[in-house]
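See below for the structure under consideration.
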Amino acid sequence: MQLSRWLFSTNHKDIGTLYLIFGAWAGMIGTAMSVIIRTELAQPGSLLQDDQIYNVIVTAHALVMIFFMVMPIMIGGFGNWLIPLMIGAPDMAFPRMNNMSFWLIPPSFLLLLASAGVESGTGTGWTIYPPLSSGLAHAGGSVDLAIFSLHLAGASSILASINFITTIINMRTPGMSFDRLPLFVWSVFVTAFLLLLSLPVLAGAITMLLTDRNINTTFFDPAGGGDPILFQHLFWFFGHPEVYILILPGFGMISHVIAHYAGKNEPFGYLGMVYAIISIGILGFLVWAHHMFTVGMDVDTRAYFTAATMIIAVPTGIKVFSWMATLQGSNLRWDTPLLWALGFVFLFTIGGLTGVVLANSSIDIILHDTHYVVAHFHYVLSMGAVFAIFAGFTHWFPLFSGVSLHPLWSKVHFAVMFIGVNLTFFPQHFLGLAGMPRRYSDYPDAYTLWNTVSSIGSTISLIRTLIFLFLIWEAFSTKRTPIHPEFSSSSLEWQYPSFPPSHHTFDETPSAVYLIK
């Protein structure tokens, strides 16, 4: 009975729970890889064997964190759990397809780990650029396994996206019009469209790479009239929307958390927030070549991509200032989720500012492939996406589990994490400005100080992971009953009679839900 409940589940809450647990495990593995990277870089000299094994770990770390930690938790976990509850739907539109979306992920993960383990591993970086990923430079099955892994993960995401889009369009309760949709629902809605439009391009690119490697096509081989730059265009046409896919659901969760703990019914400027999400989604498809400023594009092309990239800062700024306006004049409840949300706004803004620096094509030619870029995207991912995940987790954990986290220890967890990630990534700005390149396992002695500081920070973050495990164990072992929120939130998920809401949310289809707005 239990086995069939979890293997053949058609229940959005069970599938969401599976996603959350899988994402937590993948996050542990990805974190372990990051600690290996930072241990190698803690001192000059070689710790592992050579740059190939180092780059295999870097590649696996990136792909694990993106495809098996952030996306399954944000879209699969929070999306499945919350969206039906927030729109008053009994479940997702296609419950069995929902189950398949999840069960494509573990085999994909196994293929990725296999790609790191066979031959000499996939030491290409997560971008898998040819000719480094060609049959010549990476002979053997490694890259092929990584390609198949991405195919499965992509298929899973496309199926999930179809499911979310259909659910949100067709299964809203009466009275839940699009201009009343909670912001988290909006953010996943836009994210699903981004996935639907970008993943097929990646699938095409990696399929062409697969045939280049195995059946002598020359899509990316100049010897046969191909062009390796074509792969970069195809990859980044997926890769840039992907980074917005990683952060948009986080934006949605942060909007809910800030409005809730500020005691507001809704975030400031709801409609502006919605248009900002949509604008970010559209603009995300128009800026991909800012990842390629160093490959020799025309000056007018570079000028366009510089300008377009800077325009994305406008809707992002609308969101940041709307969050701050939501906080304005409120009597804040300093619960843990709010700390994560405030940390998110501050650190994501810093990451956004370094992004504006890198948008300048002339500056980027100097900073491209240095640790400055690493610092930039870890500020928006490791302190943006991950902080949003923890804000959402600490906020909705009582709803999901029926027990509450320890109020003091969860704040300690936040404090240790905050110190750890900042100590890890802030010094990397200095290393990048001083010219330390990415994807090398060793460096001149001049870079020792900040690398050592950075590695100490990663050790602190590792301790933070153990505190988190303790937090979850402590919550389930003491079984403190959560109290209902003192004030009702503008979203529906808190309005159900029990924590967690019953296995089947409704015994019969609800006729109407009246929202105060």
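We number each residue from 1, going along the chain as drawn.
Glycine is treated like the rest: Cβ placed from N, Cα and C.
The record from Swiss-Prot ties HIS290, HIS291 to Cu cation, and of the options HIS240, HIS256, HIS260 it ties HIS240 to that site too. Annotation: HIS376 carries the greatest number of neighbouring Cβ atoms among the binding-site residues HIS61, HIS368, HIS376, HIS378 [cut-off 10 Å, Cβ to Cβ]. If you take the Cα of HIS61 (Fe(II)-heme a binding site) and the Cα of HIS368 (Mg(2+) binding site), they are about 20 angstrom apart, rounded to a whole number. In sequence order, ASP442 are the residues near GLY45 (Ca(2+) binding site), counting only same-chain partners six or more apart with C-beta under 8 A. Of all the binding-site residues listed (GLU40, ASP369), ASP369 has the fewest other CB atoms within 10 A of its CB. Put simply, of 183-203, 268-288, 380-400, 414-434, the stretch with the most CB pairs closer than 8 A to the transmembrane segment (234-254) is 183-203.
Considering only the binding-site residues GLU40, HIS368, HIS376, the residue whose Cα is spatially closest to the Cα of TYR244 (O2 binding site) is HIS376. Contacts between the transmembrane segment (414-434) and the transmembrane segment (100-120): absent, as fewer than 3 C-beta pairs lie under 8 angstroms at sequence separation of six or more.
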